[in-house]
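A.B. asks: The domain 'PSI' annotation in TrEMBL covers 1-50. Taken from TrEMBL, the feature domain 'Integrin beta subunit VWA' applies to 8-439. Residues or ranges marked as disulfide bond in TrEMBL: C181-C187, C235-C275, C409-C666, C461-C500, C466-C475, C477-C491, C549-C554, C556-C565, C588-C593, C590-C636, C595-C605, C621-C698 (among others). Taken from TrEMBL, the feature domain 'Integrin beta subunit tail' applies to 615-703. For 704-726, the entry in TrEMBL reads transmembrane segment. Under the heading domain 'Integrin beta subunit cytoplasmic', TrEMBL lists 727-754.
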Amino acid sequence: CIKANAKSCGECIQAGPNCGWCKKTDFLQEGEPTSARCDDLAALKSKGCPLEDIENPRGSKQVLENREVTNRKKGAAEKLRPEAITQIQPQKLVLQLRVGEPQTFSLKFKRAEDYPIDLYYLMDLSYSMKDDLENVKSLGTALMFEMEKITSDFRIGFGSFVEKTVMPYISTTPAKLRNPCTGDQNCTSPFSYKNVLSLTSEGNKFNELVSKQHISGNLDSPEGGFDAIMQVAVCGEQIGWRNVTRLLVFSTDAGFHFAGDGKLGGIVLPNDGKCHLENNVYTMSHYYDYPSIAHLVQKLSENNIQTIFAVTEEFQAVYKELKNLIPKSAVGTLSSNSSNVIQLIIDAYNSLSSEVILENTKLPKGVTISYKSFCKNGVNDTQEDGRKCSNISIGDEVRFEINVTANECPKKEQNETIKIKPLGFTEEVEINLQFICECQCQSEGEPNSPACHEGNGTFECGACRCNEGRIGRLCECSTDEVNSEDMDAYCRRENSTEICSNNGECICGQCVCKKRENTNEVYSGKYCECDNFNCDRSNGLICGGNGICKCRVCECFPNFTGSACDCSLDTTPCMASNGQICNGRGTCECGTCNCTDPKFQGPTCEMCQTCLGVCAEHKDCVQCRAFEKGEKKDTCSQECMHFNMTLVESRDKLPQPGQPDPLSHCKEKDVDDCWFYFTYSVNSNGEANVHVVETPECPSGPDIIPIVAGVVAGIVLIGLALLLIWKLLMIIHDRREFAKFEKEKMNAKWDTVS
């Protein structure tokens, strides 16, 4: 919004959908340009512009005509006129568009049951279609019978075509003009297009007139069918088209001529797309060229005609390509003698009517439209596929969500009308586009207002819009005075040579501060000496994110102070576990404890490396008061009365963690080597409370008898073991001695013998 440099409210709201204009008279700071009134809504509010002074017109939609879609069953007693049947809703609405803000509306389409149908059968009567003509002669009543299953209001017409009546398309010799066929074949004179039967509900009349038709002939293979299609499309009165479903069946066994082919016959004038039927015959075929495919598409679409190409197998590929160029058209394969034409028409009609495609007229410059479809079975699509729904049966209802956006205001600021309709249907939605290009306050402006320096401008929307030749915030200068050196003197600070502090330009003796690339950064002040981005920073943020930079000085939020608003006045971070600020041993400065007792440190002055713990510190006093023993037994009443003591029966009765006051659980040993348990806590009033288990846990003495018995038993067992070992050793020694004796005895016997 700021970058738009809007000089008026109208320019501002055209800059974007989120831009607003502050019309409060004293909104601008000194040095700020008029364009600073234009900003996004949140920024205007933060700068102090009241909500009621912000011009921010919004777009809207208004439905003017909204008839419900028709719910009617086939065979109902009530016979509705075609124009009384509604298949599309709404029918007319007004959209007020603001630049960049889309307006959305919902369009509903429902295929009405028993909807009237007009079908015109256009047939190639060149000689190759001779056998086909015989089958078509009875088409009227047979087709009426089949179509009665679809609608009770059906009309049928018939037309025929051959070729342009000039060389080289036909032979222009007198004999060939009378009978273009060879041999004894009796053919009618060649013609371009003939409306044989206008649309009628009398099937017998169709049979009667078609039976009187005769085949004709031409020289080249492509036919002049495009001339005939154009006349059928534009000659609505002669053909008898109603505002109902319009079907054109184009039956041929050959290709087609198109724009440019007429040069072969010396015809160079482009087809004019107008009706030239005299006595139901096209009379200007020799004067106008064949129409182009695009021209045909335009006229068929304008007149809501859906085309069915009934062609032979040989030309299927050609006409399928043509179908891709003509919306709401179908191609069917015609048998060699047209015997299957009725089924072909029924199938093609069902195919065409099962698909709805929305199209819109030409959009005004700068206006865009988008579609989103909500079709059967939960199928949704956007972009180009959002324009259509397929597989729609009679009675099915589909919905489209349509967005219309204006990307710029029209130069003339005039209203525009666009129309949206389903292809092949006569019904349409008419949309009147009204553009919001000015603010309401501009219409309330005061021309030649005294507020604009003696009437040199119009005072509107809180600012002056200067008359031609006048400039300045209040239109106080003429353009001739702008570059005067006398004016520049008003834009310099005392004892300074810089004009507008080099942060702006001097216009009409007043500084208009320049804009920064970052639209949140603003110069201000009489001499543009102030800004909101050159204040002290903390943690990379201006004013530490805890204040507002005004004229290079931080204005801190509550609970913050300092040049960069980086000093917090909140003492919560300094609160120690005992509920005291900095544990009573320091001061809280900018949210951090400054410990005054050198023994204590840490974030809350609770850490003391040389101090005893709470338990060890109070052990002797608890022991003397609870059990009347210990080192302080004799001085207990003097040194140990600084806490309240409560005796409890067991450890389970001691206070447990979770209470509001900080709590320490202690286990200490007394002079008798017994363990005693206590808790120490300090409440919010600074009072110490001690809870002590009344009975210490002392170790029990040894059981003498088992010990003595064990010792005696051990000694006996050891003695027996030693005795057994000695006995074993003696047995081993005796056996060795006996073995030695036996050996010596044997030696003695040997000596006696010798």
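Cβ coordinates are placed from backbone N, Cα and C, and glycine is handled just like the others.
Caution: TrEMBL annotation is automatic and unverified by curators.
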A.B. asks: Counting only residues 6+ away in sequence within the same chain, which have a CB under 8 Å from the CB of C595 (disulfide bond)?
C.D. replies: C582, R585, G586, Q601, G602, C605
A.B. asks: In the domain 'Integrin beta subunit tail' (615-703), how many residues does DSSP put in helix, strand and coil?
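C.D. replies: Once the DSSP states are binned, the domain 'Integrin beta subunit tail' (615-703) shows 20 helix, 28 strand, 41 coil.
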A.B. asks: At 10 angstroms around each C-beta, which of the disulfide-bonded residues C187, C235, C477, C605, C698 has the fewest other C-beta atoms nearby?
C.D. replies: C698
A.B. asks: Give me the DSSP three-state residue breakdown of the domain 'PSI' (1-50), ordered helix, strand, coil.
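C.D. replies: Grouping H, G, I as helix and E, B as strand yields 20 helix, 7 strand, 23 coil.
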A.B. asks: Looking at the disulfide-bonded residues C181, C409, which one has the fewest other Cβ atoms within 10 Å of its own Cβ?
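C.D. replies: Counting other Cβ atoms within 10 Å of each of the disulfide-bonded residues C181, C409, the minimum falls on C181.
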A.B. asks: Could you round the CA separation between C477 (disulfide bond) and C466 (disulfide bond) to a whole angstrom and send it over?
C.D. replies: 10
A.B. asks: With every protein chain in view, how many other Cβ atoms are within 10 Å of the Cβ of C590 (disulfide bond)?
C.D. replies: 15
A.B. asks: How many whole Å apart are the CA atoms of C590 (disulfide bond) and C409 (disulfide bond)?
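C.D. replies: Their Cα atoms are separated by 55 Å.
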A.B. asks: Provide, as an integer number of angstrom, the distance between the C-alpha atoms of C187 (disulfide bond) and C588 (disulfide bond).
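C.D. replies: C588 (disulfide bond) has its Cα 117 Å from the Cα of C187 (disulfide bond).
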A.B. asks: Check the Cα-Cα distances from C409 (disulfide bond) to the disulfide-bonded residues C491, C556, C588, C636 and tell me which is shortest.
C.D. replies: C491
